Amino acid sequence: MTKVLHIDSSLFSGEGVSSLLAGRYVARLREQDPTIEVLHRDLAADPIPHLDLKRLQAIGTPEAERTPEQRAIAAEADQLIAELQEADLLVLGVPMYNFAVPSQLKAWIDHVARAGVTFRYTADGPVGLLEGKRVVIVTSRGGFHRGQETDTQIDHIRTTLGLLGLTEIEVIYAEGLNLGEEQRAASIRKATEALQRLAAA
Ligand SMILES: Cc1cc2nc3c(=O)[nH]c(=O)nc-3n(C[C@H](O)[C@H](O)[C@H](O)COP(=O)(O)O)c2cc1C
């Protein structure tokens, strides 16, 4: 059975364009295969705290030496990694905020990228420990950035997920969303069609 980890990061939760589109894609997958198992995380409704020193130290402290508070923090971080390890497909709804991913999603990335668990260092450089997973990213933007210098967002996600071994990545763009109603509707329609084609592939 296919396991899907679906993560939305729009500040507008389910109302965000990225969330709506990612949700449509997952719904289409479900129509095609009702047996798929979907775990949905809405990082705006249920935020992951930013990785501060307290959290970093809790995760880095050997299990037997952790305080109760550190155990709770480490368990939360372990749970995020387990969800990713178990997934066959990762679906990310990702708005562009200030040319980057939402800080809510960055907090998730900071918790799942863990040396010795999701990647390891070798003499030849880091090696990802998560294999055989596909990733679908739905990115929504107010303007147009694809293929331009201002698109620092997708390179960042590709590099960080690549570090973990997630290299099979499809990106669907919904751009120009704040450039008038007509443009917005056309971009959403185009992205929906691209996602339907992807789901059927
Ligand atoms: C805090 C903030 C920062 C934004 N920064 C950018 C940006 O750098 N480039 C851009 O094209 N649009 C930017 N936008 C517009 C959003 O990308 C756009 O509204 C998109 O539809 C948001 O996706 P969502 O509806 O899934 O939240 C920004 C919006 C917000 C709220």
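Positions of Cβ are set from backbone N, Cα and C atoms, glycine also.
All TrEMBL annotations are machine predictions without curation.
The record from TrEMBL ties MET96, TYR97, ASN98, PHE99, SER140, ARG141, GLY142, GLY143 to FMN, and of the options SER10, SER13 it ties SER10 to that site too. A count of other CB atoms within 10 A of each Cβ picks out TYR97 as the most crowded of the binding-site residues TYR97, PHE99. Neighbours of GLY143 (FMN binding site), defined as other CB atoms within 10 A of its CB across all chains, total 13.
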